[in-house]
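Peer 1: To start, I am sharing the structure in question, which I have written as structure tokens.
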Amino acid sequence: MNIIDELKWRGALNQATDEEGLRELTEEKKIALYCGTDPSGDSLHIGHLIPFMMLKRFQLAGHKPVILIGGGTGAIGDPSGRKTERDLETRSKLEQNVQSLTKQMIRLFGTENFTIVNNYDWLSKFTMIDFLRDYGKLFNLNTMLNKEVVASRLDAGISFTEFTYQILQAIDFLHLYRHNDVQLQIGGSDQWGNITSGIDLIHKVEGSDTKVFGVTIPLMLKADGTKFGKTAGGAVWLDPEKTSPYEFYQFWLNQDDRDVVKYLKYFTFLSQEEIAGLEEKVQTEPWKREAQRRLAQEVTTFVHGQAATDQAEKISAILFSGNIQDLTTAEVEQAFAGTPSVEVSAEPANIVDWLVDTKIEPSKRQAREDVKNGAIRVNGEKVTDLEATLDPTAKFDGKYVVIRRGKKNYTLAKVHA
């Protein structure tokens, strides 16, 4: 199957400047293509996986992906998809972010048949006179004003800095065409105007018959109409220090039946036959959640590796069984990273007093009632003795106490000396 046809089957293709021309080109030869991301943070998040999965599919088909980190454009701020102007980062902070993102991208793409570039390397060499003389005269103001990314901001106001962003992105495409033989730019649906600006610039400078293309990816929406990638707790990061592999795994495991097949097509490398089989399972045995489990396994392994997936599944099984004592200290940190936590001293205390002092229980009366009724578990073990003494350093290297009140209400007590 041609790579373009596969992208269409997977629901990954939204707009294309010349779909047939691109199909012919990718059948004739292996091409270089690029996607850009500005270093506005020190970690990628799952929203970045949307364009990166397309790049990865091209890479697996033998093409050469290039990721452009916007060390230069990041100092300006992309207005695409925004109602207000971005707060700009300092030069040193941007450079730190560039280094962090580079490490994560190498983890996803490896080093073979893959290139990372930073547009600061060429954009920073322009003087204002160079910029206006060599490029400013090639852009029509009326055309720029009619681009959706600009038109949507005119009433609220857009700075000249953000207004010129599309010119800088166009220069990027031209630079990569000249120096890296890049013939295709991909981006989110909000990048269409910026992508076509780059193609127009290349045609003006290199000739109208130059074979360059642009494609965009559909906006990823959940079945309930909300945007994919956000949770009640915020973004889901690819950095394991920001979102643990267990939390990452759980995000995918908890996807709605109405969304899971779409995500299997988009975020995994499973075949049509495998996905069709999982789709049938969703329809006939949805309670088994086999499709969600496979989705979680595939994406977690792609981002964090097989060992992290195995550990996430181990934690999940232990939490389901309630055998908290079987977790290691590191696994406790992962499993309960998103749960309410309290700071406690290392001093042993009566269980009832301790539950009230930590505010896990609202009163001694309620604490006594819950203990007597067997509703309190300490590190996985039920406590029913009102006179029991709790030693915070007894488990997990003396660092944590895991309290469960009722069936699902966990609190992580962090022990300090």
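The backbone N, Cα and C atoms fix where each Cβ goes, glycine too.
Quantities reported herein were computed from a predicted structural model and do not represent experimental measurements.
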Peer 1: Tell me which range among 177-181, 222-226, 227-231, 297-301 Swiss-Prot lists as motif ''KMSKS' region'.
Peer 2: 227-231
Peer 1: Looking at 39-48, 79-88, 239-248, I want to know which stretch Swiss-Prot calls motif ''HIGH' region'.
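Peer 2: From Swiss-Prot, the annotated motif ''HIGH' region' range turns out to be 39-48.
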Peer 1: Tell me which residues of the chain lie with their Cβ under 8 angstroms from that of Tyr34 (L-tyrosine binding site), as long as they are six or more apart in sequence?
Peer 2: Pro65, Val66, Ile67, Leu68, Phe173, Leu176, Asn180, Val182, Leu184, Gln185, Ile186
Peer 1: Using a 10 Å cut-off on CB atoms, tell me which of the binding-site residues Tyr165, Gln169 is the least crowded.
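Peer 2: Looking at the binding-site residues Tyr165, Gln169, the Cβ with the fewest others within 10 Å is that of Tyr165.
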Peer 1: Checking the spread of the L-tyrosine site as listed (Tyr34, Tyr165, Gln169): what is the longest Cα-Cα distance, in whole Å?
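Peer 2: In whole numbers, the farthest two Cα atoms are 17 Å apart.
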Peer 1: According to DSSP, does Tyr34 (L-tyrosine binding site) sit in a helix, a strand, or coil?
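Peer 2: Tyr34 (L-tyrosine binding site) sits in a strand per DSSP.
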